[in-house]
Amino acid sequence: MIKKYLFLFFIFLIFNFVLSIQPPLSEYNCLKNFVTKFKLSTKFPTNSTGGYDFCSIVSCNPVNGSINGFLSLQSESTTPTTVTVVGTDLSCLPFNNLNLQNFLISTTLLYTKFFTSCSTLAINSDSITSITQVLAPYETFTIVSKKLNGALKMSNFINQKSILITNSNSTSGYTLVNDALAENKIKLETPNFSGLLSVPDLTGYTSLGYPAFYFSDALEVTSLALANIKTIGAVSSRLYFPSTKTIQFPTSYHNDTSYLTIQGKFTKPTAVIDLSKFVNCRNIQILNYDKTFNINGEIPIKTSPFTDIYYTDGNITKIPIGGTSFVTWSTEQSITIKKSGLSGTLPPLSGVIPTYYDFSGNSISGTLSNTWCNTNIIVTDNLMTGTLPSCIVCHLNNSEVAKKFTGNKFTNLVTSNPPCTTFAPKIKVDKSQKTIILTGTDFGTYTSGWILNTTLSCEKLWTKVTYGSNYTCTYPSTTTLDKVSYFWINFNTPGRNYTFPAISQVPTPNSIIVGTSNSVTISGTFFSTYIGYVTQSISVGSISCTVGTSSFSSITCTLDSAPSTNTEQKLIITTNSLIKEAYISTVVGFNNNKLCPNDCTSSTRGICYMNNGTCKCNSGYVGLDCSGLQCKVPNCSNGGTCNTTVGLCVCDSSHQSLDCSLDFKQCPKGLNSLICSGGGNSCNNQTGICTCNSSHQGLNCSINYKQCPIGSNSLICSGGGNSCNNQTGICKCDSSHQGSDCANDFIQCPLKNSIPCSGHGICNNKTGDCTCDSGFTNQDCSGYTCTSNNCNGHGVCDTSKGICQCYPEWQDIDCQTPFKNCLDPTCSNNGICKNTTGICECNSSHQGLTCSIDFNQCPIGSNSLICSGGSGNICNNQTGICTCDSSHQGPDCGTDFIKCPTQNLTPCNGFGNCNNITGSCSCDQNHQSEDCNIVYKECPIINSLICNGFDNSCNNQTGVCTCDDLHQGLDCGLEYKPCINNCNGNGVCNNQTSICTCYEAYQGETCQFQINQCPNNCTTGGDCDTITGICNCYPLRINNDCSGYECLDPNCGDHGICNDMNGLCICDKGYRGDNCIYVDHYASSVIPTKEEGGTVLIYGLFGEINNDPNVQVGNSNCLISNITSNSIECIIGKGSGIKDISVTQNGFEWIGKSMFNYIKSKQSCPNNCNSNGICNDLQGKCECYPGFTGHDCNSLSKTDLISPSTPKVNENTANGIIENGENKFEIMVITLQEKTFTNGVLKQYNLENNWKLLEIINDENNNIFKFKQNLTDSSEISINLEIIKKDRIINFADYSFEISKDSIKVSINISNYIYSNSLNYLQLHLKSNAYKTNKTSSDDEFDCNLDDGSDAKIDNQDLENSNINHENFVTIIKDNKILNGRYIDHVISDGISTFISSRTIEKDSNSITVGLNLPHCKNCLIDPDFSVLLSTDFKENCSDSNSNNYIIPVSITVSIGGAAVLVGSAIFFYRKKFIENTLKIQLKRLSKNNSSGSDGGNTQS
């Protein structure tokens, strides 16, 4: 209760604090004058003191009350006024967004930019009737007027990125003229035109993002110019035609259009509208005014398979699942059909179909089957009933899921702890692809709610493979799973946290307890992620244990019966094919948690006794962990030992065998010094004798041996005179034998020309006989054979040729066929004579013995008979014509012949044609009846029906219609309808239409309602419901008079607010884009590469959405290899010098000026070390010779004659001061500026004299002064000045330097600075002074070093020309004493070292101001250092003009840190990261001045 009251108390304080704020006096008076001039007393009432509490009404800066944000002013006059708003009325206010409503506006306000700080101007005034000049350069300009008419030139909008022109009068409008020059068409991005009379031609406008076009009711359809739509090349085109005009649906669009919204009253198409060629279109929205735009109840368009469809307020009767009658949809599309009359039940899904459907606001009934589980289905506000499938119920605790099914009558739509029994995700890890694969059932689709543990993380969001059933995520390449065995995933819906294995691993229990009631509890790992994830079985001894619960790390089960407790029992856990065995004690309550060494190596080698932690090794294995192999012979004799690594006896050199019981004798060595010559030869180590293989011989098997073939007589080479060569293994036969074994006799066949069998046969040397080849004969195969068997006895074979010579009465090659001649051997040239029969074979068109007679076939009837058969039908084969009998007709005599009715011997009475096939008359158009003797008169025809059909009748003899009770007229074409209630006496009834024509002031079907007017007649954005007086706004139009425009995303991505004047989102700081979904990205630090090229790292804010990312360094593309929300890694080629860097994504570009500096391989030294040292070109530092010092070795190191410096801190100004003699050097942090990309100063914070001392810390080493001041209500800047009491080394970005005693170290912290734009940057100004004190020098011997009052000498050359080793030097010399300033060219930006540039802001005779260009960072750490030294012109003895010069070592090191403080957090997180080659901002010695004499007084810079 106390906390509650405290909270209310603080709210009260905050409220009163807000009310107490007032604008600065000049702004107060400016707004007061405006309120007074225009009498705005209602919105701005006076308070009790007679003044105004402006900041309680308009937006004021909560710190200083300045009206520097959004200002909206509205006239309170209800009648026309002559008081005009002019530019000077409000130019005294610093707002950045102005909205003027219903004032009389001066035209100069439109064309002159009076409000310099303003970027957005909106005017709603009917005093604007035309736009005749170029509008003032406000980036966003809105003009709303009911009297804005005529032709508007696009050249008048060349200064705008966003333009909104609205004529809210539905009876008039304007057109657009494309007259701008090409170079002036680039800037316009978001045009919004309302009240158009035709589609504008936007040829040449290439930067359009999301234009919108609203057309007036006054447009003429004939001059609408729909063809111009294809000139609108934009990411998204929106066209809204009025509901009062019917137009053809446009069919031609620009190829670059990705998103299309079109609203109108479209004519009913007669054919499908093919938009499939517009393959770049990703989404098309069709917003209907009536129900006609369909074909047979289907969406009448055909799109590409990549175009999403959004259709609303139409008439679609068929629920489309996989497509329509015109097109098959793809899985890449989403389908939305809202408020369009869909009815019936949702059919089950099958096949390849889209995975997104939105059927909200229809009349779909029935249940939702589980076939819809793997789709994104939305059925809000339908008539569905029954139970939702478990795949949906599991995720109803997610409000985004639940709202998809509200507005129905589902019985299980429970959003709090919904029952879930089917949730079963499965995980697979592919280490080669560094990918986690998620499959399973009913795990949902809300990937952002799948959270991995810290072991793993997805580089990006989960990637869909198959919607609802297969997703993958890739973990970073730097992550290794070699040592990761498992990990967990937290599924926010349905609220389950599961641990999954990353490897295949047997169950690993580490604790097993048998409890009461035969329960068993097992703890460990690699069991089952949940019951059913793997197949599990558990047994203890021979008793099964039924699993009750299971997770990755525990199992509970119940034994079927009590186990024995006398001895340890074997526990067996099986998961899929993996088995784990262990022996346990089954004593109730005993914890078997003793793990064995190395888990007994493996399940095949041993089993662990988990009651005492010892292994029971399986047969063949030995050792504490069963890792050793038992020898096959337990005792190795003759001094042998058992090697348990391999399980074999190791014998000494004179013994062998498994148990070392046999002696060992070596056999002789042969070829290649191998025992028994190696190869397949073997040695008998017991006898020492070689046993050669079949191919070798000899004592050491070194001689080859090949056996010859053995003959049938079992003799080698068959014995006799045959011989064998054992070296080659080949037999050599004598002259009377042959064959590989010489076993066959050899007999020569007959020869011809010394060739056996004449070369035409095969000789059988065993018999001496020839076997002739086919076609040859005789004993020596020298003759030829005939093809027949001795010419069949009808001829003689000529063996010299192999041809039959037939006798005269025979023919053919074998003389087998008799020869007969025809009567006419030529067959009249119409056939062929067959000599085998002597008969002519005629062709198809002739006949007869000699083929001399023509032949024509008669037609064949349907009964397959010539001339249809019958006795009376005759065929003439010479003419091919049938002659029919009297009862048949037709060419094939297949048709009956029937006579028609005849009168006066004239068929059909002479008024018709007789059909002898049917015997019926076809009367002419003027006669009727069977014999055509009655006259025929036609009745009137309407709708292609005689007398309009229905129950109307026609008298064809008179030609007169007789109408039924519901029709009238000569053709019965007019309905007869009475009006309901006779129009209630408030109108006139048309009985033909049954429609009432109401009197003025009445409406309704029966004139039963009076007319109520709507506000502003619904502007042009809706239809008036004159019954209720309420506007029904068109889609994307809002407010009670439909005057407002709804943004594409009304919530603006939850990162902005919708401006209903133009339908555009006003994004929160840090977001951009039409729907505010993109972060306003920027880079805060860059780690460059060497001049040879390589990997570049960019850190900053880039968000989760990175469409078409691109990085440019100067003019070179840096190829992106990886991108996250806060870093980019890219690869660039070689280059050199300082470059701009740009990061482009999501269509927006960010540029960092001079932010990239290639790392040099070699560095030069300042002034080449003045020949007083050696240059270290790796670091760019001088290594001075003895006696010299300084960054360029131009100072002497002798310091014993110099008085010490005195460091101080001014507690009022926070200035660091070092005094030395009469000289005072002062270092101040004076200004912080927020600068634009074009280097303009947007904001400036004067830091000088505004510091507040917080604390002084003094100890033996240091003395620290802490100051701070507020920059805005949410950011501050603090400064610490530390007086160094002992020498010490400071490291900054891998750069080391020494801070000497009596130095001052300055640290600056800029906390939580909020930039006005992501392209802006901060510039910090540091000022250094040198001047005289009023002290009298006690070192008179050095008076010759005092100047004569002349100015100090300042050199800032290196600062302006930074080319040396990351260090810039500025020096101030006074009385030969030097304030030496070194500025490093790197800062630590948000924890990362990055390059910065610096420049001289101002320089006069005794001071210099340096500006450090900080990156767009939240935390910046800058580290310049300052030193007071002696010039080489300093004289040790004034009498000796040639004496050596000395240096006073007094150093001031300044560290400026921007460690941003997170608002509302008690934790300060600071992170430093250093890289090679830091920027050093150094002070350089200027030219020497040898003037002497007494000090003429102080010179203040």
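Numbers run from 1 along the shown chain.
Backbone N, Cα and C atoms are what each Cβ position is placed from, and that goes for glycine too.
Fair warning: this is a prediction, and the values are worked out from it, not measured in the lab.
Of the cysteines CYS626, CYS631, only one is given by Swiss-Prot as the disulfide partner of CYS642: CYS631. In Swiss-Prot, the feature transmembrane segment is placed on 1447-1467, out of the ranges 103-123, 1447-1467. The disulfide partner of CYS998, as annotated in Swiss-Prot and taken from the candidates CYS983, CYS1007, is CYS1007. Under the DSSP three-state reduction, ASN1122 (N-linked glycosylation site) is assigned to strand. Secondary structure at ASN315 (N-linked glycosylation site), taken from DSSP and collapsed to helix, strand or coil, is coil. Spacing of CYS1052 (disulfide bond) relative to CYS631 (disulfide bond) is 79 Å (Cα to Cα, whole number). Cβ environment of ASN700 (N-linked glycosylation site): CYS667, PRO668, LYS669, GLY670, LEU671, CYS676, SER677, CYS690 lie under 8 Å away, each six or more residues apart in the same chain. Taking Cβ-Cβ distances under 8 Å and a sequence gap of 6 or more within the same chain, the neighbours of CYS822 (disulfide bond) are CYS833, LYS834, ASN835, GLY838, ILE839, CYS840, THR850. Checking each of the recorded positions (CYS649, CYS791, CYS815, ASN956, CYS1184) against CYS631 (disulfide bond), the C-alpha distance stays within 10 Å for CYS649. For the domain 'EGF-like 2' (782-816), residue counts in helix, strand and coil come to 4 helix, 12 strand, 19 coil, using DSSP. The DSSP breakdown of the domain 'EGF-like 5' (975-1008), given as helix, strand and coil counts, is 6 helix, 11 strand, 17 coil. Taking the Cα atom of each, CYS1058 (disulfide bond) and CYS1175 (disulfide bond) are about 63 angstrom apart.
Closest to CYS989 (disulfide bond) in space, going by CA atoms and restricting to the recorded positions ASN497, CYS636, CYS786, CYS1076, is CYS1076. Cα to Cα, ASN877 (N-linked glycosylation site) and CYS797 (disulfide bond) are separated by 51 Å.
DSSP classifies CYS1052 (disulfide bond) as helix under the three-state reduction.
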